[in-house]
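Asker: Dropping a structure here in structure tokens format, bear with me for questions.
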Amino acid sequence: MDSADTPGAEGPPEEALKPIGCSHYKRKSKFVTPCCKKVYTCRFCHDEKEDHTVNRKEVTELICTLCEMRQPVQAECQNCGIRFGKYTCLECNLFDDEDKNQFHCSGCGICRIGGADKFFHCEKCNMCLPVQLKNGHKCVENVSRSNCPVCLEDIHTSRIPCHIPMCGHLLHRTCFNQLLKAGHYACPICQTSLMDMSQLWTYLDNEIAHTPMPPQYNTYMVQILCKDCHKESTVKFHVIGCKCIHCGSYNTCRIKGPFKPSGRSKPSSSNQAASPDDDQSSSNSQES
């Protein structure tokens, strides 16, 4: 039997429906920007060429790329009937022909990608977070309404995924990876360790055990503040690092000393004095 084709549906020819757009979005419309009255495919195209930014929610006019008709913002062209994007959000004036599992978050006030079933909006953090963090994340009020502490670009509207460290301060994942590559393992905002550092702490324990201080310094003490548990302690001074006696972290800073035990006043009750012969407390601070 000879093969046969089913009849095509009514509408423009298929070649006319090929994805149209820019490097940022595939869509069949262009914006008339309210700020400078110029025509751009998307806000990113505008912001890359102009000395100001555009708020896409303020856009009121667009142009169909198929029939070139200028018209109010809407989902379909009022002249040729083409849909401007398979995903359409008239609240954000967003049109996109690529499937990115887009969804509009009313709490964030913007569209996000990745699937609404995989994220939840935390009211205190005021942003969308992965569902696996729903009952196990540290809330930081309005945490995304700030700039990345590394690149200083806005986080809330960024298209770059964010890394969420244990302290809760957000930074772009690319910036996080750059920090680790450069040897920086502490949060740029609060200086808390960005990841599990237990292997490094064990390594430093071994280094200190095999690197005794010269006799004239081996009785010196220092008072330190731990940047991970935020507690103070008094420990033996060592040039490699000072270890917190509360949580075992070397992410510490020196707040007093070095001094000899006999040459200082009695420590306050909030500080735990360590025995000079206690190997657990003989350590030294990591300067971040």
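Don't overthink the numbers, they just go from 1 along the chain as shown.
The backbone N, Cα and C atoms fix where each Cβ goes, and this holds for glycine too.
Any TrEMBL annotation is an automated prediction that lacks curation.
Just lifted these from TrEMBL, have a look:
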- 267-288: compositional bias 'Low complexity' (COMPBIAS)
- 15-82: domain 'CHY-type' (DOMAIN)
- 84-147: domain 'CTCHY-type' (DOMAIN)
- 148-191: domain 'RING-type' (DOMAIN)
- 260-288: region 'Disordered' (REGION)
Asker: Can you tell me how the residues of the domain 'CTCHY-type' (84-147) break down into helix, strand and coil by DSSP?
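Answerer: Looking at the domain 'CTCHY-type' (84-147) with DSSP, the answer is 6 helix, 21 strand, 37 coil.
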Asker: Please count the residues of the domain 'RING-type' (148-191) that DSSP assigns to helix (H, G, I), strand (E, B) and coil.
Answerer: 9 helix, 6 strand, 29 coil
